[in-house]
């Protein structure tokens, strides 16, 4: 044994035991080193009290024998009872300790078996090997000096009770989660039961602590166990049914129960797939998916080789050294593993394997050496199955569409050649590419899994909400119906009370009348009887004396008023207003249970621009279920909030369209022009996170459609207006008169020629042109300098039919002379409009105007193109005082290359220009003339400001 002594605050000679079952430590072990490694040396290091302090050199102690460690389980007990000088080798105390150890061994063995079967959160056990049977509690193969019984588990309770070490079978157990592959090399040799225990000194135990803290010596790590995904496989993470066929419950093998993967990624053995095949189709027992058999054989489904490798791995890990030999499974227990054949073998089969010429150089290892390793030794390198290529590793990958499979080097030379259309890559590169693609797909599937879980949670929430809604609405129905029943009962009482009151009143009148009649009847009967008695039995003299009395009484009774009929009657009726059939229908229609099956992802939203300061329809929302069926009566399931250009939110109104099932209209009043965003929520879920943008414009800027005719929204472009013409702020009116002319000309003209500068200074200049001065804004390329008018903001070029209107009013205050123009409306190219005084003279412009006609001596409509007068027709007088207002409709048909002018009042087509050239955009242009002779105003109607289209326009 080699000893080393070191100085320091906490120093001690450390004995490093050489051999394959110990890990060397750093040569300096002191407080600074332990603190750096975050080890509580007072708690974690056993035998800490044996470490002497001080600067002086300390002679190392004698090693502690196995028998003493059996006897003294606690460091305090050791310090208190250790014998001076020589150690006691025999005695009653030792026998008592052996007996105690045997009892503890049995208890610990049960605990370890339980821990093998149940994985705890601290990590798997470091060995699953079973102990060999003992005879009377003793190991008959033990060779130590005292025939000490084989102790399978002796706890080193020396300050850190979470470490336990198992002896006798060469394995370690750990309560603190130390990985088995990290301390497997520290396991004592098999057969070194007692003596190896005595050599597990402080150095070994500190090494265990370092590794438990995650600071193991890196240069001693096994490269196979570091970093690879296979090294992270844990036996308890594997499901038991991963290695067995779910259908027949038999373990996969390489003969009849070969694992085959279906396209749905469920695996079954080849035999079961053959049994469930019907009409060359396999129905997956798990997901019921139908799969056509490739190549008319279930053997053509891909083979799952992963399970083959895991099978051997799991057999070893779960069965330990009781794995059966491959060649003699009935009698042989495997003790070795061939890494080339991937087979377990016993001692005899190993010898035979090494004698064979083909396998004498195979790499055969003890099961002990791979007991605590990862899955790497069991991973099989696939070889080429082509005849004559036996044993050739698959190191290349052919990426051609006809192949797309791994190949060996011989395949690349003989068959997969580039001149035959094959392209071969290294298998590792193809593996990385395929792995990256599959990883990306896995991430996408994980996203779908997350989405599915989220939707499942939402579905469960909806189910809970549905149950709650059912309970709440049931209570609400009961409440309303109970209220209705209560009101009916109240009404019943009211009707009965009214009936009773009326009957009582009638009865009172009749009873009073009856009493009166009864009284009068008794009077009359008495008088009649008395008179009859007198007349029958009295003497004449007596009768005469009573005659006056009798006469007076009888006259009174005769003249007394008697009702000729009852003062009241028994008529009383029950009018069943709003009852009977009507009430039954009302009851049937009373209340309504509305339900919807809206599927928010299928919601469609159409946004449209709206006019400012007017409530208008801004959205159409179409609601459908998951099958695309429109959902009605669901207007309260839609909430819309609109954000204006300043970022303020406003609620919108949602109404059922009632004309189209499943369609709902959203109305909103915009207070400013600009971009708005509508956020639509259906059942509380946003239809689109970014919302639906729309614009709030002036009414004339918004398109409006009538069938196949579009009314485009455009305005007068004030930036193009001639300096002598005035365009209103809303871009809807063009005006010219003497006042406007003076104001605008004074503002725009800075230099004049000598003489009279303006036409109104010389009435003979009846041209309306004002080119006498130099304009201040003549550098503006858009502004018209010759044409006395304005251009529209949108041209016509795209296919379709377009309609707009102009209401033109004028008042002539000076008699018109020669060919005086009043207004012109035209279509032309941009350069044509800028080139002349009026567009009718241009080759790529078409003009409709009102001007004085020398032929008719009045104001006429004139239609021109290329200076050619195509048509003219009388309009009005040309004398002062003439006032007129006309509304004209203009229909542009790009498809038929036609422009029609319509008199909206008479519903007549004034003229249609044909063969227009739309190869370049044609701009609408509007001009007014002779402001000193007439006051002219032109009002544009376009887009949504057009109320209706003349019927004649639809027939063109």
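Placed from the backbone N, Cα and C atoms, the Cβ positions cover glycine too.
Given the ranges 318-370, 371-423, 424-476, the record in TrEMBL names 424-476 as coiled coil. Looking at the stretches 120-143, 144-167, 168-191, the one that TrEMBL records under the feature region 'Disordered' is 120-143. Sequence-distant contacts of the domain 'RING-type' (245-288) (same chain, six or more residues past either end, CB-CB distance under 8 Å): 296, 298-299, 301-304, 307-308, 311. Taking H, G and I as helix, E and B as strand and the rest as coil, DSSP gives the repeat 'Filamin' (622-698) the counts 3 helix, 40 strand, 34 coil. Across the residues of the coiled coil (424-476), the predicted structure has a mean pLDDT of 92. Secondary structure by DSSP for the domain 'RING-type' (245-288): 6 helix, 12 strand, 26 coil.
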